[in-house]
Amino acid sequence: MEIISTVVVLVVKSLIFILGMFLAAAYLTLIERKFAGHVQQRPGPLHVGFHGLLQPIADALKVLTKEDLVPNNVDKVLFYLASLMAFVPAIMILAVIPFGDPIKIFGFEIKPYITDINVGLILALAFGSISIYGVIFAGWASNSKYPMIGGLRKAAVLIGYEVALGFAMVGPIMMAGSFSLREIVQAQEGFFGAFIWYQPLAFIVILFAILAETGRTPFDVQEAEAELVSGYNTEYSGMKFGLFPLAEWYIGTFVLSAIAVILFFGGWKGPHIFGAFSPFIWFFLKVFMMFMFFLWVHWTLPRYRVDQITEIAWKVMLPLSLLNIFITAIIIMVKG
Amino acid sequence: MAITGNSGIILTTVEEVLSWSRRNSLWPVSIGLACCAIEMMHTAASRFDTDRLGIIFRGSPRQADVLIVAGTVVNKVAPMLKLIYEQMPDPKWVISMGGCASGGGPFPTYSTLQGVDRIIPVDVYIPGCPPTPQALLWGIIQLQKKIKEKKEGKELKEIPIRVPTESKPIKQI
Amino acid sequence: MLWINPQKAEGLKSAFPSLKISHQKNSLSVEIDKDKVLELLKYLKENPEYSFKMFIDFTLVDYPLHNPRFQAVYILYSPDYNERIIVKTWTDETLPSITTLWKGAKWAEREAYDMFGVRFEGHENLVRMFLWETYPYFPLRKDFPKEGIKDTYLPSLNERDNIPSHDYDPYHTAIPTLEDLEITERKRINKKNQIVLNWGPLHPGTHGTIWFLFDLEGETIKDCDIILGQLHRGIEKLAEDLTYTQIIPYTDRMDYISALCSNIAYVNAVEKLLGVEPTEKAKWIRTMMAELQRINSHLLWLGTTALDLGALTMFLYTFREREKLMDIIEGIAGIRLNSSFLRIGGVRYDLPEGSLDVIKHFIKDFPSRIKDYEDMLTKNRIWIRRNKDVGVVTKEDVYQYGLTGIMARSAGVPYDIRYIQPTDAYPEVDFEIPLGTVGDAYDRYLLRMEEMKQSLNIIAQCVKKLEELKNDKHLATENPYVLPTLQETYFSIEAMVKDFNLRIYGEKAPKGEIYLSGENPRGELGFYIVSEGEGRPYRLRIRSGAFYNLQIFPELIKGRTVADAVTLLGSIDPVVGETDR
Amino acid sequence: MVKLKYVERPKLNLIEKLFFLDFIKGLKVTFKNLIKRTVTTKYPYEKLTPPKRFRGTHAHRVKDGNEPPSFSVLEKFMDINTGESRCVACYMCQQACPVPSLFRIEAIQLPNGKKKVVRFDMNLLNCLYCGLCVDACPVDCLIMTDIYETAKYQREKCVIHMDDMSERGKDFDRRRLKEPDRIWIDDQERIKLWGQIKWS
């Protein structure tokens, strides 16, 4: 009985998370388009629904009912697999991200996370790395030159920044003394307890790494439109195409923003001014601010060349994150 | 040619919803050929902003719904353009922007294709050299009307959707 | 006029006794036998007394009744003495290639082969320039009809049953198949490395329909060639059938981003040929409009280049300012892009009410926008890293390839037509010509930004002057070659008859030739017009700046990556309408 | 006077490099624009009115008593009633046009010796909108209007004929004939992009 109830709870939770994430991702596209519009002094989606509120639905319906075109000379298995490989790991990271402390509603204890395991962060990194395969498969299976180059570029960038990202996360982990994301949040007490004040170097490295991981400028080499049309997903159409930007630009950015908020901004901690849902609101507010910051950078800066990006990854970001570990270790040792 | 399935017996509401989503999310291929491409860029820019109507430009034809042929199509580029059109997934539409694309325009010469409709079927013709952004937007609205009409299987005729009169009357001075 | 001093030209006779010197009102040309021409050009290039180092243009003129049939025309420029010279020779089938002297002649010779079928001995890869490899005709020959040979049944797919219009013909000229294009591609480049990447012709990043072929190893470009002609509309052929006034709208559509500048270059050449002097006011209006158009064009360049390098928002900011300029041009000329505003002897309309106020507002407002752009890009480390040391052009390259405009000035060569051969009101305005020190893409960016500021300065001076000239005439209608205005036609029968005459027979230009150029935002746009005393030009050759500037691209890109190709192409800033004509 | 000058190449100093001042400058510009008002004209709900000089679809002015003197000279050979197109079939527009084939003008000889224009077709798909035909018209008949919304589903619909050109001409004259020759007349619409302009 115990097992069944756990399974049911898990399934229900997962469904809520996945559906919620889909909807959120769809509306994140609208937020991005609105934001980009206003940065450029235009309104963005406006006439489809009230202020473009139905725009994501129209886009989704259209993309779903579009002819599913598979070019003749592609490797069919990999071609289908690639879009899943890119999308599923991005969603799976959600499994380890806590959105708040357990709360009690109608006597039930609801845990706003799927699992809380003590290697949460490592799992998140691992899932993040799997999505590289999606990109490489997409590039390879398309049997076309632009996707090929785009895929290889993206792989080079991801590998470089995965390392920097991992090492930069070590700083907060050392301070919290745990890999569990929940415990990391609990280690940050009060406004000045947030790790951003102690780990600014790690934060900068992680900012750059997230930009690179999610393919936003200045690191969006994989789909630099002027060079590679639309990069590794050039040959994809319909919903198979839709999954890529959804996974990468929206879910990826959202999830990684959540991790960054947990690591540096004390997660859902904040003054209890919104009542019972205060932790959620704080958490989503912080993640949203983070997301907006990425958008802001995306719509401002030009992009690096791919060799310059990898150069920065290996020559600047990696040493910086190692230096950060070193400094943190010394401080912890001195303080005891 | 472009619209599939029009039995008229089942699921008209579903079809209506689909037609609504299609006409509100027309993604053109960002391919510019000549002068008209500049006006097409202006249409996408801040002053006129096609994004309002849900139109965003995609680089790859595989992800696009509309081919806006913006500029002179010369014989040498015609097979490529046809290839691009064939790479687009159904349902797809073609807007022929400007005189050159629609009918050869002012270049009745040995090297110019006299109308892009000789190689790909065209849905909307926009005269002009080049058409202003407003004229292009009007053409896009005409295409949206066409998509709506096709769905209902009616004869094509001018129907009043939420569009004011032609060219706003000028206040008397 | 910048022609070489006749006495100095006589000096050439000592070395080449068979030389014929012809000194006309608008040109100075020397004629020599075909087998001596290479020697003469070498002499002109290397002798320090002449030092015609810079290659401007090469073309052919077809005289079907003359024997030999084709006249070859070389136009050279001497930067040391600020002089031009035309060298001519006659041929029937072959000519010696001058690519050993000037690399810039490579494409010009290919174009001549493409259009006239004259072969060049010693050319490294003589293939078609604009048309495809299996195209059987040579279109610019006089015996080829302008509309081509309509031998293919190619009806409209939409309207099979009814005839769409009175000038519709279901028969069409042959269009190539994909195999034909593949043959064309094969002829250009041999695969030596890993993959041959087709960059273009219908690609978001190629600024139109240029077709690049990259032989790649990884992402490094080992070899590159360019296929042009995806927008070859045959303007040169069309022009032979039109009166001088009727060609004006076509010059718009060549360099469609700077239509007014092209108008001005063309109209100036025709006016010199006809001996028409535009009115004072027209000159100032032209200068003002040209500079507005220059800002317009540079803004488009800035926007698209920034877009190509990833700064998406920049594109929309520049287009916002372009909208303002479009508003001004629309208000004055009547149409936003291809304005056809100029007429022989002046401009089409006088300035409308309120136009100077709007322009003044723009002058006041624009510097703060430039500052925004500079804040976003100039010192941005990404921008600097992407642009620095990409495509370094040296002075020698400038002379070898005939580079003009920003490309020449970024290498430190002060080659600006507004400076060496000022037309219109340019002799009377003050401005600075920025020069680069390194010659890379970053220099070209800085130069263009500086030019926008200088253009603003010129516009301010023009506005001041035009306020004084308020009641002057905008068209020199008293001249017999100038079309009367509508008001004159309505009220005077003489004007109506003159109008009818000029419309039907064209402006009968005296027999002769002229080469005159204007400073386009993209480089020197020159018009070489041969008149046989008729109302239509016998041959109109357009020397396009972008055509020659683009020619250096394959050399500069070797050993760099695809991402650099975007930067370099952006900094060269070609417009396909002008390169292909 | 024209002067030559060499441009300076700016360099980043250490402080700018370390604190990302170059990025912050750029972010400042985008933020400044984020809080500004949009410049968009919400076509089709709002429209820019083309200026009077705008070269849009062609039209014919009709015989309405405002003809120029040249018309009265040429009218003697013609059979034109009031309210009909002023065209006198002089073919000057066709002569002036760079693409003459786009015109198709036909006139017949009536029994009373006068001429009547029976056909005046223009294929707008071949038109350059250069305005040379308008400049050539000696009787102020052929004009260009501010109509630009001309997208059509069929190619044959893009050919305009004499009767609809006369209608368009009447409509245009009714709306805009008395308007001054101004750079634009819809200041309220354009204020979004331009801001307040100081008119003299």
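For all residues, glycine too, the Cβ spot is worked out from N, Cα and C.
Within the same chain, the residues at least 6 positions away from B:CYS36 ([4Fe-4S] cluster binding site) whose Cβ sits under 8 Å from its Cβ are B:ALA70, B:GLY71, B:MET97, B:GLY98, B:CYS100, B:ALA101, B:PRO130, B:PRO131, listed in sequence order. DSSP assigns B:CYS36 ([4Fe-4S] cluster binding site) to a helical segment in the three-state reduction. Taken from TrEMBL, the feature [4Fe-4S] cluster binding site applies to B:CYS35, B:CYS36, B:CYS100, B:CYS129.
What TrEMBL lists as domain 'NADH:ubiquinone oxidoreductase-like 20kDa subunit' is B:35-142.
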Which number gives the other C-beta atoms within 10 angstroms of the C-beta of B:CYS35 ([4Fe-4S] cluster binding site), all protein chains shown included? 28
Candidate with the highest Cβ count within 10 Å, taken from the binding-site residues B:CYS100, B:CYS129: B:CYS100
In three-state DSSP terms, the structure that B:CYS129 ([4Fe-4S] cluster binding site) belongs to: coil
